[in-house]
């Protein structure tokens, strides 16, 4: 004989504590007459009692620490990979900076040909740019792989890369005079130049 499904639902309600008194009476009457349902009810009762007992069992205080010690240690490469995935913008900026600094440092080692940015009112002799006495050069002068001797006036900045500057007592420069002979000075100069060019293109 198959028991109706409502008896199983009554059992569940009983263990949940939601069973009304009339439902409890109906369940008890059925359990007296059906041995299979009584056995099932008894098994459920044992299971509920076991779960209630197990809920009060606590792990030893050092259990979590011992489990963490027993776990395999995380490799440094996994930690680095996780950091790179969590911070993509920082990773991209760092990579860009490293490549930029690397290219600037490598271009420092490549000593190119002599060049000068101004050719009016100057004399060029054996990789030396001379601003003659009584002459005024308007604008900035950049000398690469050579030297500059200022006897006149420069109305702007003077930058010497891989070279020397010589100032006569009568020579004047209205702007800054900068000698770049080290790699870090070269990198800083290029960063400033690129930044100034970017600002000029925005304007």
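Using N, Cα and C of the backbone, Cβ positions are placed for all residues, glycine too.
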Per Swiss-Prot, the range holding transmembrane segment, considering 70-86, 87-103, 104-120
87-103
If you count other CB atoms within 10 A of each CB, which of 34, 37 wins among these binding-site residues?
37
Using DSSP, what is the helix/strand/coil residue split across the topological domain 'Cytoplasmic' (1-86)?
65 helix, 0 strand, 21 coil
Let me know how many other Cβ atoms fall within 10 Å of the Cβ of residue 30 (Zn(2+) binding site).
18
